[in-house]
């Protein structure tokens, strides 16, 4: 009975992952907000973004209308600040289910020389304005060759024949769904009988209410009469009709010229329900190709991994079975005729060079891999949905700090195992494990942050946030890693099954450089993730929404299996040619996948981001790519090393050779 319940539990989790992957289902990151007819709705603005520069800027860095009460920042979490989101209030105001047209917003008397130059620059760099209503980004639809394309935000302007045009009139379409309040508050009881408890009616509950389920924007360039709006106040009606035609532009910008901003809004009742309102953002173009590519990749890599595993098991099992079937006299004679991996029995557990560094990198790899698995699992179950901006980055930081205990434990215990149980120096190993990867990451991010500061980008991390990150590092992450190191120092170390000779055995000259084979081994793990990597990088650098965390979790599990298998095979091959220096090679056999990911990143920069503008943008891209590649190398290398360590330990425990 218990096993049946366990099976149903896992089946439910699996179905949740698959449903999340296919339909964008998520546990709500926010609750539905009911608005009555005539209630005010305020649009918020996010940072201006562009795929040509990858540097976000504040909305009010351009000459746009400001709210009457002044610009105010909305509450932001740690993740939003790290990714460059700056959400602020705006002057755009709606009234629920009330259509309005020709609404005057403001008029800028004259464009200064600096304002004119910055507008031209942002139009050349294809910057997009990002608006939010009830936590929904504004979406724009365009047609191209009978295909309907979806975009988030709208462009600042457009350049036609050396003339710059500004989109100064916005037509909004808000999709609303009638609020459905059930008459049943909850259902109590289990089994066939259930007790229904009706809600108590509240005064005014019979009034119709609506929820925002869609937010569309159509930008237009309108040439206004500047003299006719002099003295008008914000939200007054424009004196003449405005015809918004997105196919034509009429508002050229020139230095010293006034600019008038207007907007209109219509409300449309929709069948879309509140839990499904993000489907329009999640189901972007190319979803079918995404599904087909991932499934095809999974099948091919699973097939290849199965072949590698079968060949590997047959080879090792044949050696062990053949040895175990011999009697003692035959075994003694065979020991005199040893060949292959049996010859390195006295050196296979010899401490590697830079053993402390290896322990530190393995500990950090466990921490990064654990953070990735837990974060992707929570995201797949919907706790870190796109509706909750910044929660994914915040969750990654939280899990990374907590898993510092695992990093310290693994690093120190491995250090003690290599040192035959010696506890000396464990504090130094734990301390270095707490500072190795975060220190490199901090150096990279600080260098890139100076570039962003110099460009006055909102992507730059504020100094106060720098202080917070340092406090989190040294007040939470480092102590937890030291605690984990203490547990590792007290835990029993692994006893080697064979003795190590005092004099190292000479390694025969190899026909081919062994490191060439190690570096080439990363191609198979790379094949498991390169398709998924394309979608991840597109979501980061092309402004697309990534949501198939269920498939990402499956790909991650498959990647771990393939890394373990590749490292096992390479370790066995090196032992067979009497090369006992397997420690570092097992780490880089699977960790070398990072090299191919970095090469793929360069390829993506050259062919997919070929419009990337300026050396600063390219430096930011390569810097963040280097940071990502370092984390992947530590995680995959750790999988390869630990699996190889287990294999070598098991192999020489099965056959006792003196």
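From the backbone N, Cα and C atoms, a Cβ is placed for every residue, glycine too.
Record features, source TrEMBL:
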SIGNAL    1-24  signal peptide
TRANSMEM  291-313  transmembrane segment
TRANSMEM  356-380  transmembrane segment
TRANSMEM  392-412  transmembrane segment
TRANSMEM  433-453  transmembrane segment
TRANSMEM  465-489  transmembrane segment
TRANSMEM  515-541  transmembrane segment
TRANSMEM  547-570  transmembrane segment
TRANSMEM  582-606  transmembrane segment
TRANSMEM  626-652  transmembrane segment
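Highlighted: of the candidate stretches 356-380, 465-489, 582-606, 626-652, 626-652 has the greatest count of Cβ pairs under 8 Å to the transmembrane segment (547-570).
Distant neighbours of the transmembrane segment (626-652): 316, 320, 341, 345, 348-349, 358, 361-362, 364-366, 368-369, 372, 437, 440-441, 444-445, 494, 496-498, 525, 559-560, 563-568, 570-572, 575, 582-583, 586-594, 597-598, 601; these residues of the same chain sit at least 6 beyond its ends, with a Cβ under 8 Å from one of its Cβ atoms. Contact counts against the transmembrane segment (392-412), taken as Cβ pairs under 8 Å, peak for 465-489 among the stretches 465-489, 515-541, 582-606.
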